[in-house]
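Mind having a look at this structure? Questions to follow.
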């Protein structure tokens, strides 16, 4: 099989076997510790522009199916695995992982020490990396990699271009798409919401014209500070319409309320991150994927209350506004993949909408 190199900006070189596309690619290298759900991970728009290292040692053994996509077009720039299974065995399998990556021009590399790679990322933090043919001059590639600028327009790439409607008979929810997973849409449709999905740069005025009962701020890739128009939009909507933010949406809500965000050393990516609910006194297992987090000290002197923390490192995992009907979480309550411990948050969102409508003297249709 064809050989390929994975080269990190710190000069570390991994020699492995190529699969997927023959294209050369660069991106930020991260790792995900989930044992299953590689299809959902690969198609999660929040990984836009990244090389995803899967720490579970065997990947591809159940192939790719049409049911588990989180977006139609994957946005990852590369896939890194220990061992790639060429012959998947699963009753839902429709194509191999290799065929899927080839179809979307995404390179992969296998037969490298993913434990060593993960330890490097944990020690030194996420960094730029490149996948190239084994013949390339390593020193030249490293020099070019260190000079490369990482893109900052990931949300623009992953957001819908124009609004569309997913009809339902219940509450009217406007979903602001920063790179939304289909799992969020599925949870709202299961609850019979009438959903209007709008682009990331939609104005507050345009959203209010849709007469929504609630606003969903979705997940998405990159630095929340790269989406200033969304922060301004949220500021204008606060207090008018109930808001629920997930992942990037959580960070944007925090920024809109005067808090701050910061980049983490290597982020949270996996399906078993424990989170403590400070209000309920309960602990949940959660699915997570984020490089940025809300700075806990920045919550002081804002109208935000800390509601949940990560048990591994005390990262802010949940906040709520003390005056307005708005709350958010850093993790993914829709899972996809992962545990569904916090799926009830979608019901809490709808209950918040209903309570707000009753308070305002309006009718509740669901």
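Every residue, even glycine, has its Cβ placed from backbone N, Cα and C.
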To which of 25, 26, 46 does Swiss-Prot also attribute binding of L-glutamine at the site defined by 220, 222, 248, 251, 289, 292?
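Record check against Swiss-Prot: L-glutamine site with 220, 222, 248, 251, 289, 292, extra candidate from 25, 26, 46 is 46.
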What average pLDDT does the predicted model assign to the region 'CPSase' (1-171)?
96
Other Cβ atoms within 10 Å is the metric here; tell me which of the binding-site residues 46, 251, 289 scores highest.
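Ranked by Cβ atoms within 10 Å, first place goes to 251.
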Determine the Cβ neighbour count for residue 247 (active site, nucleophile): the number of other Cβ atoms within 10 Å of its Cβ.
30
Relative to the Cα of residue 220 (L-glutamine binding site), which of the active-site residues 247, 332, 334 have a Cα no more than 10 Å away?
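Checking Cα-Cα distances against residue 220 (L-glutamine binding site), the active-site residues within 10 Å turn out to be 247.
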Reported as an integer number of Å, what is the Cα distance between residue 292 (L-glutamine binding site) and residue 332 (active site)?
14
Counting other Cβ atoms within 10 Å of each Cβ, which of the binding-site residues 220, 222 scores lowest?
222
